[in-house]
Amino acid sequence: MVKSHIGSWILVLFVAMWSDVGLCKKRPKPGGGWNTGGSRYPGQGSPGGNRYPPQGGGGWGQPHGGGWGQPHGGGWGQPHGGGWGQPHGGGGWGQGGSHSQWNKPSKPKTNMKHVAGAAAAGAVVGGLGGYMLGSAMSRPLIHFGNDYEDRYYRENMYRYPNQVYYRPVDQYSNQNNFVHDCVNITVKQHTVTTTTKGENFTETDIKIMERVVEQMCITQYQRESQAYYQRGASVILFSSPPVILLISFLIFLIVG
């Protein structure tokens, strides 16, 4: 008896759900469609009328005479006369006043300095025998032991380089050789380049510049050494027999 009651309730619930789904499918969408009597803009016409009710004169959609969509006369889409797309008269299409070139997007300007800097950082510099140009660095804070040189450096640090030239670390036996070569080529290149622009360096400038570039070359050596050892460790890891066997097994599973 209980089972029959449960079965009856399940049947009633199923029929009710099925009826609700059918009603949802047949239920019309609110707002009305094209010429269904609705209005997309309430208060602009009587029910069942046009979507854009006339406001006197002209044909359907002609507020002040003229063709369709002509508020003040003119061709199609001409608010104040003129060719299509001419808000206030003028020449041909797209030549309406100050907006004459709106349909022609302006070409983006390429900042050649940024392109050159991005291409040069870490790349081999032509004409320097395999030297590379490092990334830009913040100029280090250095104390030179006397107030005059400290103040001179703070006032003139923008005149000193913020990038160094160097060769790969695997071409040097130790850090001192790398730094010595890095300082010489960087100071030389910066001095020659700046001198050609009409700016000369004093003995104080050269002394301070060598100290600044030395610190930057040490930083560059540490970066390059770390990257070099990481690359070497990766090669050793992936060249070991267990790793090769594991990779081969995974490839076999994927392909097979």
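Numbers run from 1 along the shown chain.
Backbone N, Cα and C define each Cβ position, glycine as well.
The signal peptide annotation in Swiss-Prot covers 1-24.
The region 'Interaction with GRB2, ERI3 and SYN1' annotation in Swiss-Prot covers 25-233 and rests on similarity to another entry.
The annotation region 'Disordered' is assigned in Swiss-Prot to 28-110.
If you look up Swiss-Prot, you'll see 54-62 marked as repeat '1'. Here the repeat '1' (54-62) returns a mean pLDDT of 46 for the predicted model.
Summarising the annotation, Swiss-Prot assigns region '5 X 8 AA tandem repeats of P-H-G-G-G-W-G-Q' to 54-95.
What Swiss-Prot records for 63-70 is repeat '2'.
The repeat '3' annotation in Swiss-Prot covers 71-78.
Annotation source Swiss-Prot lists repeat '4' at 79-86.
Swiss-Prot lists 87-95 with the feature repeat '5'.
Marked as Cu(2+) 4 binding site by Swiss-Prot: H88, G90, G91.
The annotation disulfide bond is assigned in Swiss-Prot to C182-C217. Cβ-based neighbour count (10 Å, all protein chains) for C217 (disulfide bond) stands at 24. Under the three-state DSSP scheme, C217 (disulfide bond) falls in the helix class.
A helical conformation is recorded for N184 (N-linked glycosylation site) in the three-state DSSP classification. Of all Cβ atoms in the protein chains displayed, 14 besides its own lie within 10 Å of the Cβ of N184 (N-linked glycosylation site). Per Swiss-Prot, the feature N-linked glycosylation site maps to N184 (among others); the stated evidence is sequence analysis.
In this structure, N200 (N-linked glycosylation site) belongs to neither helix nor strand by DSSP; it is coil. If you look up Swiss-Prot, you'll see N200 (among others) marked as N-linked glycosylation site, on the strength of sequence analysis.
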Between the Cα atoms of C182 (disulfide bond) and N200 (N-linked glycosylation site), find the distance and write it as a whole number of Å. 22
Neighbouring C-beta atoms (10 Å sphere around the C-beta of C182 (disulfide bond)): 24
Just counting, how many other CB atoms are there within 10 A of the CB of N200 (N-linked glycosylation site)? 8
Quick one: Cα separation, N200 (N-linked glycosylation site) versus N184 (N-linked glycosylation site), in Å? 18
In angstrom units, rounded to an integer, how far apart are the Cα atoms of C217 (disulfide bond) and N184 (N-linked glycosylation site)? 10
